[in-house]
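Written below as structure tokens is the structure these notes are about.
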Amino acid sequence: MKFREPLLGGSAAMPGASLQRACRLLVAVCALHLGVTLVYYLAGRDLRRLPQLVGVHPPLQGSSHGAAAIGQPSGELRLRGVAPPPPLQNSSKPRSRAPSNLDAYSHPGPGPGPGSNLTSAPVPSTTTRSLTACPEESPLLVGPMLIEFNIPVDLKLVEQQNPKVKLGGRYTPMDCISPHKVAIIIPFRNRQEHLKYWLYYLHPILQRQQLDYGIYVINQAGESMFNRAKLLNVGFKEALKDYDYNCFVFSDVDLIPMNDHNTYRCFSQPRHISVAMDKFGFSLPYVQYFGGVSALSKQQFLSINGFPNNYWGWGGEDDDIYNRLAFRGMSVSRPNAVIGKCRMIRHSRDKKNEPNPQRFDRIAHTKETMLSDGLNSLTYMVLEVQRYPLYTKITVDIGTPS
């Protein structure tokens, strides 16, 4: 029996011998690669020493060959995009270290500087997102809502249902930047049950309206006659200590809107929000009515010297406010009667909030008193500031009627 001849001419060696030689060559290449890697590791960033470590002598400084011919210092190997290390000096002073990546974020600049090993500008931090402005009309609105006051309200549950509301009743939209920085001011005394309903209904509404808002409950201390307008002035000044609000909504604690298209924000003219209350048969009681819930921008509020401080007891202050706006050439804007519907929590009149017998006389003299009675004559003392999960409560002493 004959063996077959080899497929290739020349050597009669078995095919395994060629494979063995290839393996030896591969091992040699790997060893060379490992050696070069070790040299780089020992040399660190000082690449000037690399030729000496591998046994290569650099050309003379005057030579026109090698590195000098392409404009690099002699004896230096330079990687693309890497700046050269500083020259070695015969000095006992320590060399200054090259800036690290941490330095680049601590002292941001236009791009990589000398000595940097970055080939491009550092990547910005991903913790800050570039958000666009919220739309003029929120896409989250649902329209008409059923408002009921015959269910018990647990504020712990309300807190759980509004996890994005921060301590003190602050909320900022997460997916856009709201131009409406709204402080909602509630004049208050002994209305805790009403406040529960207000917080239960209004927090979801205000979030759907994509407002950057805070809730401030201004609590009148003591047992003297209630003064709604003065408490609103206090709320204006105290809220501005927290944040740069540009809009102020002044709301009674017992009024709830029935349509979330009735936005709690400011417009080019002062805004009357509670235009169709169930108390008045869902209609406006009279054209000059400005009570319940209203909104004024910071500039509008300052231009009328705020609200009057001398209306102790019930009634009159909202008509005085309307007169102030008219005397400053402003007109009141309102939503239509369908969107502007509101429900009021029924209750008996509070003690120390009886009708003010002087209200009609004071309303008749608004033009003479508005320059001296308002923000520029406001006096009060803050007794306590309490930051609750759903609102900020500021208890104040506003004095007694003079």
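Placement of Cβ uses the backbone N, Cα and C atoms for every residue, glycine included.
Given the structure is predicted, the values throughout are model-derived calculations rather than measurements.
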Which of these, R334, R343, R346, R359, does Swiss-Prot list as part of the N-acetyl-D-glucosamine site with G316, E317, D318, D319? R359
Integer Å value for the Cα distance linking C266 (disulfide bond) with H347 (Mn(2+) binding site) is 29
Quick one: give me the count of other CB atoms within 10 A of the CB of R189 (UDP-alpha-D-galactose binding site). 20
Secondary structure at C266 (disulfide bond), reduced by DSSP to three states: coil
Secondary structure at V253 (UDP-alpha-D-galactose binding site), reduced by DSSP to three states: coil
Where does R359 (N-acetyl-D-glucosamine binding site) sit in DSSP terms: helix, strand, or coil? helix
